[in-house]
Each structure stands twice: as structure tokens, then as C-alpha cells.
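Asker: Here Swiss-Prot flags 13-48 as domain 'EF-hand 1'. Swiss-Prot lists ASP26, ASN28, ASP30, LYS32, GLU37 with the feature Ca(2+) 1 binding site, giving sequence analysis as the kind of evidence. Look at Swiss-Prot and you will find 49-84 tagged as domain 'EF-hand 2'. For ASP62, ASP64, ASN66, GLU73, the entry in Swiss-Prot reads Ca(2+) 2 binding site, with the evidence type sequence analysis. Under the heading domain 'EF-hand 3', Swiss-Prot lists 90-125. Residues or ranges marked as Ca(2+) 3 binding site by Swiss-Prot on the basis of sequence analysis: ASP103, ASP105, ASN107, ARG109, GLU114. If you look up Swiss-Prot, you'll see 126-161 marked as domain 'EF-hand 4', on the strength of sequence analysis. What Swiss-Prot lists as Ca(2+) 4 binding site is ASP139, ASP141, ASP143, CYS145, GLU150, and the listing cites sequence analysis.
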Amino acid sequence: MSSKNGVVRSCLGSMDDIKKVFQRFDKNGDGKISVDELKEVIRALSPTASPEETVTMMKQFDLDGNGFIDLDEFVALFQIGIGGGGNNRNDVSDLKEAFELYDLDGNGRISAKELHSVMKNLGEKCSVQDCKKMISKVDIDGDGCVNFDEFKKMMSNGGGA
């Protein structure tokens, strides 16, 4: 699994929110996420992800090579791996993959209900109304949803509106 969720990053927004997500997945409270704990993170974000993708992600974001993802590495995962947009083909492919993660019904648009569902899976407590507000910040065409072009633009602006 490559870059996955700039929408989550922009919705979480603050370091405190990212810490809460980290703590939710750090089941044993040791301040680091193991491979098994990472599997749960990935399952919440992408139920169809393969075990190989978990291993790849661990290698990519375990910056100090100790076999765990600590809070700093988790933040990097959100800032670089999950939220990073760009111009090369892999980045566009990664963005498309991230977009599809939220587009649960596959209609090419992320609705407030879809965003709410993903946020809920991540343990975030936000209402559908909160998600509508988040979407309205990047909804250029005013249809109440985020299409892929709006998603790309949001990500090229650093994950926020």
C-alpha cells in the first residue's frame, strides 16, 4: 500500500489529533506501533491491503530501522507518505489509490457519509455535519462532494483547504 490518506490528514489537522490516532493503534501503550499494530491501522484504512503491503509500509516508515513506528515516524507517515501529493506518475497513482480509499461506493466522489465512515474507522469522533464542513472547504464545484480533481488540488496545497 502506498500513500493513502491526505483527506484523513487534512481532517485530523492538528498534532493532537494525529497523536490520538497513534495512541488508538498503539494497543499496548509502549509508544510505538509494531507490525501487528500496523496491520490494524492498514486494515482500518484499506481492508483489502495485502500482508506484503504492511511489510513494505513498515520498511518505508520505520526510519530508524528498529522494527517499530514511533510517534515521529507516524507523523512522517501522515505528512509525507499519506499526505504527500506531487507531479510524477507514482504520486498521481498514489493519490488515486488514496482517493479510492474514501470513495467507498466507487462513484468518483467522496461524500460526507463516506468521509465520516473512514474517520469513524480511524477512531475519530466527528459527525457527518463535521465532515460536510471539511468537504465544503475543498468542494470547488459545489456539489457537496470531493471529486478527484478537487482531491488532487487539496493535496497539492499540503492536504488542507
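Glycine is treated like the rest: Cβ placed from N, Cα and C.
How buried are the listed features, and what sits near them?
Answerer: Here the domain 'EF-hand 1' (13-48) returns a mean pLDDT of 81 for the predicted model.
Secondary structure at ASN28 (Ca(2+) 1 binding site), as computed by DSSP, is coil. Sequence-distant neighbours of ASN28 (Ca(2+) 1 binding site) (same chain, 6+ residues apart, CB-CB distance under 8 A): GLU37.
The Cβ neighbour count for GLU73 (Ca(2+) 2 binding site), using a 10 Å radius over every protein chain in view, is 20.
Under DSSP, GLU114 (Ca(2+) 3 binding site) is assigned to a helix (H, G or I) in the three-state scheme.
Across the domain 'EF-hand 4' (126-161), DSSP classifies residues as 18 helix, 2 strand, 16 coil.
Same-chain residues at least 6 positions away in sequence with a Cβ under 8 Å from that of ASP139 (Ca(2+) 4 binding site) are, in sequence order, CYS145, VAL146, GLU150.
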Asker: Using C-alpha atoms, which one of the binding-site residues ARG109, GLU114, ASP141 comes nearest to GLU73 (Ca(2+) 2 binding site)?
Answerer: GLU114
Asker: With GLU114 (Ca(2+) 3 binding site) as the reference Cα, tell me which of the binding-site residues ASP26, ASP30, ASN66, ASP141, ASP143 is the closest one.
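Answerer: Nearest by Cα distance to GLU114 (Ca(2+) 3 binding site): ASP143.
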Asker: In the domain 'EF-hand 3' (90-125), how many residues does DSSP put in helix, strand and coil?
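Answerer: Counts, helix then strand then coil: 23 helix, 2 strand, 11 coil.
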Asker: Determine which residues of this chain, when ASP103, ASP105, ASN107, ARG109, GLU114 are set aside, have a Cβ within 8 Å of the centroid of the Ca(2+) 3 site's Cβ atoms, and list them as they appear in the sequence.
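Answerer: Neighbours found: TYR102, LEU104, GLY106, GLY108, ILE110, SER111, CYS145.
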Asker: Provide the three-state DSSP residue tally for the domain 'EF-hand 2' (49-84): helix first, then strand, then coil.
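Answerer: Counting residues by DSSP class gives 23 helix, 2 strand, 11 coil.
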Asker: Around the C-beta of GLU114 (Ca(2+) 3 binding site), how many further C-beta atoms are within 10 angstroms, looking at every protein chain?
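Answerer: There are 21 such Cβ atoms around GLU114 (Ca(2+) 3 binding site).
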